[in-house]
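Annotated in Swiss-Prot:
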{"type": "BINDING", "residues": "76-87, 275-287", "note": "NAD(+) binding site"}
{"type": "BINDING", "residues": "R94, R104, R132, D217", "note": "substrate binding site"}
{"type": "SITE", "residues": "Y139", "note": "site 'Important for catalysis'"}
{"type": "SITE", "residues": "K185", "note": "site 'Important for catalysis'"}
{"type": "BINDING", "residues": "D217, D241, D245", "note": "Mg(2+) binding site"}
Amino acid sequence: MTYNIVALPGDGIGPEILNGSLSLLEIISNKYNFNYQIEHHEFGGASIDTFGEPLTEKTLNACKRADAILLGAIGGPKWTDPNNRPEQGLLKLRKSLNLFVNIRPTTVVKGASSLSPLKEERVEGTDLVIVRELTSGIYFGEPRHFNNHEALDSLTYTREEIERIVHVAFKLAASRRGKLTSVDKENVLASSKLWRKVVNEVSQLYPEVTVNHLLVDACSMHLITNPKQFDVIVCENLFGDILSDEASVIPGSLGLSPSASFSNDGPRLYEPIHGSAPDIAGKNVANPFGMILSLAMCLRESLNQPDAADELEQHIYSMIEHGQTTADLGGKLNTTDIFEILSQKLNH
């Protein structure tokens, strides 16, 4: 079998971190004996510059046919038209592929807790996953309007939309430490009242999982004061967007956090959670670990290569533990150095 992968380098540092990761994929495929083909497409701001829109039909159709999609990063101050922004291409891609699940792991690597802005004893051993609903909620709700005197956004969820994301979270928790924290604002929001009701109903199907409910403001506090208490966190779109960014700084850098977005069938999208960092684009100083860890998720989930994913992750964790990092993590290596060291380790 030959896996079909669509590569979307995007903007800013996206091309350099994605292209380097693809060089690692070539080494890994030879080592673990599997076949793939890459289809490159412009996306985001780069696509606006070339085609006048952030996501063309050609790119969208290629993504629909793919086994996996690897995305570098999109956006930047260059693209200011509110009706034609790079981010709108990503929203359209998520909606078109029905990517209703977003998975964001946060892991504090052994020996690297000193990198965190929080006290070492508070974060050491943190290993949590945020499961965010990605295609409903206030980002997609109708009606919405804006004028100089009034603006309206609508936060809507159906039972079916809540059930499908909650089932994903319960299954993930059952495969890990068996703890699920459901986050809502049930004390004031009607949508959260339905959310909590559905979570409690679905929990009856997963007796092996312990469920805890937290209001979103309390959860944001506990993520800082005691992140080690969490295993799997599930939440709606807006809450997940905010909490996952908060959690991502716990290990010490946005550059350490991968993510995956998927539906019940079809291709999965893998990307680091950081932005395009146009201020350092082309300077060979970008931290590529988030992109490489996203590749590891792709190897495990879409390419059926769990051993390869494990090896890649262990090499990364070892490098971080021994200070072989870029400047944002206190190291002295550049982007190329990271890829060269990983290439040597994989070829060993």
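Glycine residues also receive a Cβ, built from the backbone N, Cα and C atoms like all the rest.
Predicted, not measured: the structure shown is a model, and the values here were computed from it.
The structure, with features from Swiss-Prot marked on it.
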{"residue": "G76", "record": "NAD(+) binding site", "DSSP (3 states)": "coil"}
{"residue": "N84", "record": "NAD(+) binding site", "DSSP (3 states)": "coil"}
{"residue": "R94", "record": "substrate binding site", "DSSP (3 states)": "helix"}
{"residue": "R104", "record": "substrate binding site", "DSSP (3 states)": "strand"}
{"residue": "R132", "record": "substrate binding site", "DSSP (3 states)": "strand"}
{"residue": "Y139", "record": "site 'Important for catalysis'", "DSSP (3 states)": "helix"}
{"residue": "K185", "record": "site 'Important for catalysis'", "DSSP (3 states)": "coil"}
{"residue": "D217", "record": "substrate binding site", "DSSP (3 states)": "helix"}
{"residue": "K283", "record": "NAD(+) binding site", "DSSP (3 states)": "coil"}
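With respect to their backbone Cα atoms, G76 (NAD(+) binding site) and D245 (Mg(2+) binding site) stand 18 Å from each other. Counted over all residue pairs in R94, R104, R132, D217, the record's binders of substrate, the longest Cα to Cα distance measures 27 angstrom. Excluding D217, D241, D245 themselves, the residues of that chain whose CB lies within 8 A of the CB mean position for the Mg(2+) site are, in sequence, V216, S220, L238, F239, G240, I242, L243, S244, E246.
When secondary structure is read from DSSP and collapsed to three states, G275 (NAD(+) binding site) falls in the coil class. Put simply, D245 (Mg(2+) binding site) is 17 Å from N287 (NAD(+) binding site) when counted between their Cα atoms. Of the listed binding-site residues T80, N84, N287, the Cβ environment within 10 Å is emptiest of other Cβ atoms at T80. When the binding-site residues T80, R94, R132, G275, D279 are screened for a Cα within 10 A of the Cα of D241 (Mg(2+) binding site), the ones that qualify are R132. Here the binding-site residues are R132, K283, and the one whose Cβ sees the fewest other Cβ atoms within 10 Å is K283. Remark: of the binding-site residues G76, G275, the most isolated position is G275 (fewest other Cβ atoms within 10 Å of its Cβ).
D241 (Mg(2+) binding site) carries a helical DSSP state (H, G or I).
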